[in-house]
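Undergrad: Annotations per Swiss-Prot:
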type     : residues      : note
TOPO_DOM : 1-37          : topological domain 'Extracellular'
DISULFID : Cys23-Cys187  : disulfide bond
TRANSMEM : 38-58         : transmembrane segment
TOPO_DOM : 59-69         : topological domain 'Cytoplasmic'
TRANSMEM : 70-90         : transmembrane segment
TOPO_DOM : 91-110        : topological domain 'Extracellular'
DISULFID : Cys106-Cys191 : disulfide bond
TRANSMEM : 111-129       : transmembrane segment
TOPO_DOM : 130-149       : topological domain 'Cytoplasmic'
TRANSMEM : 150-170       : transmembrane segment
TOPO_DOM : 171-197       : topological domain 'Extracellular'
TRANSMEM : 198-218       : transmembrane segment
TOPO_DOM : 219-260       : topological domain 'Cytoplasmic'
TRANSMEM : 261-281       : transmembrane segment
TOPO_DOM : 282-296       : topological domain 'Extracellular'
TRANSMEM : 297-317       : transmembrane segment
TOPO_DOM : 318-347       : topological domain 'Cytoplasmic'
Amino acid sequence: MNTPDPWSSPEVQFCFAAANSSCPRKARPALVVCAMYLIMIGAIVMTMLGNMAVIISIAHFKQLHSPTNFLILSMATTDFLLSCVVMPFSMIRSIESCWYFGDLFCKVHSCCDIMLCTTSIFHLCFISVDRHYAVCDPLHYVTQITTRVVGVFLLISWSVPIFFAFGLVFSELNLIGAEDFVAAIDCTGLCVLIFNKLWGVLASFIAFFLPGTVMVGIYIHIFTVAQKHARQIGTGPRTKQALSESKMKATSKKESKATKTLSIVMGVFVLCWLPFFVLTITDPFIDFTTPEDLYNVFLWLGYFNSTFNPIIYGMFYPWFRKALRMIVTGTIFRSDSSTSSLHPAHP
């Protein structure tokens, strides 16, 4: 007697077997399904724990209560919410190719997806503004980047994506002109976010290309200024103080670390999000023929940016490494732990 291979593709199945209008469920070998669940659950857990560590560190330790760190705290909160509210449901949809949670929650999930991803990108943009003042105008940094200014940054970072996401999805402006395609694929268990040609371009511009261009421009300027400062130090007056060997080594190390950090920041950001937003623009122009699996790969690549954020903007800071050790070892539960000295106080 032949026994079915548990690792082979199953027969054609439907999301809701009892529904006549059910969407077909994508057939995948069980081994592939297991691998996808392991990878995506791992990404969700890493995103959740990494950003939770940043949130606890900044919220608990008083020495970290600075305007700059409030930006990082807010971004970590955004990425944490993404891992809790959006990614688990996207995981099931991506693997099972079915939506089991109803039409209303489909819209809410789509809104939260757009909102939180855009909010995270906006935070990255404003953090680049903060770093610009810190590196390019350090003498006036404290007076320029105040708690009030950061409050404005946070207000923009949250309010614009909220109004944009919920307004667009519930008004269905993104579907105008794509009604025939929507009707053709409509079935029970479907939850896809479709953009027409106009909103494919506008949404990508608002959520990625505008803040991304600002961010790239700022970091290029920061890099240029940092290199200029390094050359000025190297060609300055040959005084005993200016030519201090220890100072020159420290400066060289600092500039090298800054260059490395900026390269990683920009590389990860562009690598994670550029493919998805290019696809968002091009898909309506090729009659929505992008393969579903390719769309999911690019979507999750974008999600991974929220996984990497606490590593880039947290673990590169010595205060975070020390705070993380205190969290892991339980030292944080001491009554006086909130006043512990974490050096340096500012990133």
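Going from the start of the chain as shown, residues are counted 1 onward.
Any Cβ shown, glycine's included, is placed from N, Cα and C.
What's the neighbourhood like for these features in this structure?
TA: Cys23 (disulfide bond) counts 19 other C-beta atoms within 10 Å of its own C-beta, drawing on all protein chains shown.
Each residue in the topological domain 'Cytoplasmic' (59-69) gets a DSSP state, and the totals come to 8 helix, 0 strand, 3 coil.
According to DSSP, the topological domain 'Extracellular' (91-110) comprises 14 helix, 0 strand, 6 coil.
Here the Cβ of Cys191 (disulfide bond) has 19 other Cβ atoms within 10 Å, regardless of which shown protein chain they belong to.
With a threshold of 8 Å between CB atoms, the same-chain residues lying at least 6 positions outside the transmembrane segment (111-129) that come near it are 68, 71-72, 74-75, 78-79, 81-82, 85-86, 90, 153, 156-158, 160-162, 164-166, 168-170, 193, 203, 206-208, 211-212, 214-215, 218-219, 222, 265, 269, 273, 302-303, 305-306, 309, 313.
For the topological domain 'Cytoplasmic' (130-149), same-chain residues at least 6 beyond its ends with a Cβ under 8 Å from one of its own Cβ atoms are 67-68, 70-71, 218-219, 221-222, 225-226, 258.
This prediction places the mean pLDDT of the topological domain 'Extracellular' (171-197) at 94.
Same-chain neighbours of the transmembrane segment (198-218): 114, 117-118, 121-122, 124-125, 128-129, 131-132, 160-161, 164, 168, 173-174, 176-177, 266, 269-270, 273-274, 277-278, 280-285, counting only residues six or more beyond its ends whose CB sits under 8 Å from a CB of the stretch.
A Cβ distance under 8 Å defines the sequence-distant neighbours of the transmembrane segment (261-281), meaning residues of its chain 6+ beyond its ends; these are 121, 124, 195, 200-201, 203-204, 207-209, 212, 215-216, 219, 222-223, 290, 294-295, 298-299, 301-302, 304-305, 308, 312, 316.
Non-local neighbours of the topological domain 'Extracellular' (282-296) in the same chain are 26, 94, 97, 178, 181, 194-197, 200; each lies 6+ residues outside the stretch with a CB under 8 Å from one of its CB atoms.
With a threshold of 8 Å between CB atoms, the same-chain residues lying at least 6 positions outside the transmembrane segment (297-317) that come near it are 40, 43, 46-47, 50-51, 53-54, 57, 72, 75-76, 78-79, 82-83, 86-87, 90, 94, 117, 120, 124, 127, 261, 264-265, 268-269, 271-273, 275-276, 279, 324, 347.
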